């Protein structure tokens with residue numbers, strides 16, 4: 001029996017999670033909750049996508065459901081997580097994709113509606129964070145009802161940092177993510193009390209921004225806790241971002257040795273999560289890529305044997321959503337009683 005998934009919030013990540021689930025064996029989306037979108041519009045938004053292209057499959061809708069590739073998906077319209085009737089469709093795991101309910105207290109309200117586990121598609125202040133390939137072995141099904149899939153940037157940075165740290169040791173590091181625009185940004189200048197620069201036009205500016213992605217690596221990989229921090233630049237591209245990790249190593253190494261170790265990891269324990277390329281790639285070459293850390297050996301540089309800059313690309317929409325569903329599959333495999 002497949003793991004039965006519910007999606008709360010049919011925005012960018014919610015829709016990408018549904019698309020991703022269709023290519024991952026052992027999972028099935030059976031319910032979606034979005035109080036702001038009717039079924040006809042859901043069909044339209046899933047069918048047409050400016051970034052990832054037209055949906056390659058069949059979609060239909062009724063008053064209270066959409067049918068994707070012959071599979072009927074119930075649609076609910078509740079504003080409050082505790083009122084969503086997940087139990088009606090025997091949902092095992094809810095993917096919390098609204099960006100609103102990111103604490104354990106808020107996210108676990110879904111369990112009141114009848115689901116058994118919740119995975120938050122964003123960083124969380126208090127829920128345990130997991131990154132595929134890095135720390136799934138620490139998941140405890142008996143105590144962890146609500147977990148987080150961390151951020152798209154952490155899903156790129158953590159595998160890269162883990163491989164380098166295991167072999168060469170990371171003494172300290174700074175990360176910069178050059179990040180695609182997201183739905184929270186504004187197309188023209190507007191008010192943004194929390195972040196004045198964030199209120200400037202996303203289509204006409206490179207915008208410096210804060211990010212907790214590097215610090216979050218320390219929660220996923222305790223050996224790196226306190227050793228990494230970072231910032232972001234938001235740039236006018238619709239999807240695909242890139243991480244620049246500049247770090248001081250504990251051991252001497254050549255750039256070729258570091259690249260060789262990353263390549264080894266991409267072909268072994270991180271296969272499907274990390275890839276390695278030595279070609280002259282640009283951001284659009286990684287659109288709809290399912291791996292979340294795509295190392296670019298030609299883009300990195302080294303100053304000396306202990307100071308290096310490493311570069312990795314990631315599809316911050318589809319790649320992240322793919323690992324969100326993969327995490328749900330893993331959680332389901334450990335039991336959802």
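Using N, Cα and C of the backbone, Cβ positions are placed for all residues, glycine too.
Using a 10 Å radius centred on the Cβ of residue 152 (active site, nucleophile) and all shown protein chains, the other Cβ atoms total 29. The feature active site, nucleophile is assigned by Swiss-Prot to 152.
Every protein chain considered, the tally of other Cβ atoms within 10 Å of the Cβ of residue 12 (NAD(+) binding site) stands at 23. Among the features that Swiss-Prot reports, NAD(+) binding site is placed at 12, 13, 34, 79, 316.
Close to residue 234 (D-glyceraldehyde 3-phosphate binding site) in the fold, though at least 6 residues off in sequence, lie 179, 180, 181, 182, 185, 198, 202, 206, 207, 208, 209, each with a CB less than 8 Å from its CB. In three-state terms derived from DSSP, residue 234 (D-glyceraldehyde 3-phosphate binding site) belongs to an extended strand segment. Residues annotated as D-glyceraldehyde 3-phosphate binding site in Swiss-Prot, with similarity to another entry given as evidence: 151, 152, 153, 182, 211, 212, 234.
In the three-state DSSP scheme, residue 179 (site 'Activates thiol group during catalysis') is classed as strand. Within 10 Å of the Cβ of residue 179 (site 'Activates thiol group during catalysis') there are 23 other Cβ atoms, across all protein chains. The site 'Activates thiol group during catalysis' annotation in Swiss-Prot covers 179, and the record cites similarity to another entry as its basis.
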If you measure every Cα to Cα distance among 12, 13, 34, 79, 316, the residues said to bind NAD(+), what is the biggest one in Å? 27
Find the longest CA to CA distance in the recorded D-glyceraldehyde 3-phosphate-binding set 151, 152, 153, 182, 211, 212, 234; express it in Å as a whole number. 16
Between the binding-site residues 13, 79, where is the Cβ count within 10 Å the lowest? 79
Cα-Cα separation of residue 153 (D-glyceraldehyde 3-phosphate binding site) and residue 13 (NAD(+) binding site), in Å? 14
Whole-number answer please: how many Å between the C-alpha atoms of residue 151 (D-glyceraldehyde 3-phosphate binding site) and residue 316 (NAD(+) binding site)? 9
Inter-residue Cα distance where the pair is residue 152 (active site, nucleophile) and residue 316 (NAD(+) binding site), in Å: 5
